[in-house]
Structure formats: structure tokens, C-alpha cells
């Protein structure tokens, strides 16, 4: 999957599916499910590493998880989902050179194809333009931006006229700077719907209504594995409960071999 395919999907009216992954197991599952894009998000700081925000996530951690995600795919490279990885906090806010080095490190040492960063401040736009000149595709992110949690909080954005006008202006600037798509997080659905028609690149929503060019979700939220479930991410599976019950059954079994006999294990089929 190439970034240009997503723009083509928008023109065709085809919905774009984006799911997160953080290791080889999760990426193999997401690939088998048919996701168009796999996002190695800095949300792994909360989902996997146990932090309360995304801010502590380091570039080394993002590289570690991105490499694991890329190793988990079964299909040939040309048929794999597009892999986008987040640039973590302070890897791009401190200047263009540092941003190029961070993005280059992620893409050079994995099979990821693009990076995502938050906001549309003048300094951020300069970073985006520099990255694109260096041949690194960039996905933007507006609305609720988790790396700005101490300034904006974890609450819905673009609720008043001024902030709505700003998000329209920012989306246009991200497009003009060269972004191939924009994530809109936790904004009113009617604003996202209008914004989708305002720009030519895909608008990927999360908590932004159903009328976007695509949707992105944290995979653990869909599977019901998260302890704290976001209000806009309805689980489609009681995954946490299922896992706990399965493990309890194994722990409480008087004959562990009978719970999962080796004969059945050897007959299991791989998705690859």
C-alpha cells in the first residue's frame, strides 16, 4: 500500500481503515483482518507500557515497536498495509534537523513508509515541509492532540466558532505543506464532515463522526482489552474478559494437558 492509494480511495469514495499495532502478534492479526493502514501509534505508551499519557514514549521505544510490527506481517511487502509511525513527543518540536533524524531513523530501520505528527503551528509546518523534501511522507493530526494533553486535556475540541475556523485553516495548511492525510480526533461530527469536503486529502476520523474518508481505532479498544475505554471507541469483543476466563480455565485445570492437548495444537493453521 502506498500513500497515493489513500488519495485515490478518497476520490473513489472507498472508506480507509486504520488500526494500531504494537508488536508482531498484533500486526499479523490486523493484517489478516484487512486493514489498509497500520499505525504504530505513541498510544502504545498507554496501551502497552502502562503510562498515563503518551509523553514518556521515546524514539528508541517507537523504533523497537515499529520494527516488531513490520516483522509480524505475512504478506509480501508490496501487499502489506501502509505502515505509519508516530513521531514521539520532543522528537520534532525541537527543530527540523532533529525531526529529520528521528523520522529517518524510524523509516531506515524498518519497512514503515510514513510518519505522523501533531498540530499545525508554524514550526510544525516547517518540519513537515522539510520531511517531505527529504522524501518522507507525513500524516497530520488535528483536534485532540495527545502530546498537548497538559495544554488541551483529553476532551472534545473544535466546540466553538473560533476553534472551528482554526481547524479548517490548519487542515488547509497541512494539505498545502504536503501531508497525504489528516487524522481528526474527538471533534464534532458535523465539523469533520464539512472539513472532509474542504480539502483534497483523506480525513481519517477517531471520535469525529461517521462521515470521514476513513476511521482509525486503537486495536485494543475494539477488542475490549483496554482497562479504560474511550467514549468514542465501542468494543466489538469482550476481549479482556475472554482472556481472563481462558487463563483461569488453564490455571484451575486439574490436568493442564487436557485443556489444550498437543494434538489440537499441531493441527492449528496459520494466517500466513
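Each residue, glycine too, has its Cβ placed from N, Cα and C.
For 42, 43, 86, 116, the entry in Swiss-Prot reads 3-methyl-2-oxobutanoate binding site, with the evidence type sequence analysis. Long-range Cβ neighbours of residue 42 (3-methyl-2-oxobutanoate binding site) (same chain, at least 6 residues apart, Cβ-Cβ under 8 Å): 54, 57, 62, 86, 88, 89, 146, 147.
A strand conformation is recorded for residue 86 (3-methyl-2-oxobutanoate binding site) in the three-state DSSP classification. Residues annotated as Mg(2+) binding site in Swiss-Prot, with sequence analysis given as evidence: 42, 86, 118.
If you take the C-beta of residue 185 (active site, proton acceptor) and look for same-chain residues 6 or more apart in sequence within under 8 angstroms, you find 141, 142, 143, 144, 145, 157, 205, 206, 207, 208. Positions annotated as active site, proton acceptor by Swiss-Prot: 185.
A sphere of 10 angstroms centred on the C-beta of residue 116 (3-methyl-2-oxobutanoate binding site) encloses 23 other C-beta atoms. Surrounding the centroid of the Cβ atoms of 42, 86, 118, where the record places Mg(2+), the chain contributes additional residues within 8 Å, namely 41, 43, 54, 57, 87, 88, 89, 116, 117, 141, 146, 147. Of the residues the record lists as binding 3-methyl-2-oxobutanoate, namely 42, 43, 86, 116, the two whose Cα atoms sit farthest apart are 12 Å from each other. Between the binding-site residues 86, 118, the minimum number of other C-beta atoms within 10 Å of a residue's C-beta occurs at 118. Sequence-distant neighbours of residue 43 (3-methyl-2-oxobutanoate binding site) (same chain, six or more apart, CB under 8 Å from its CB) are 20, 54, 86, 146, 218, listed in sequence order.
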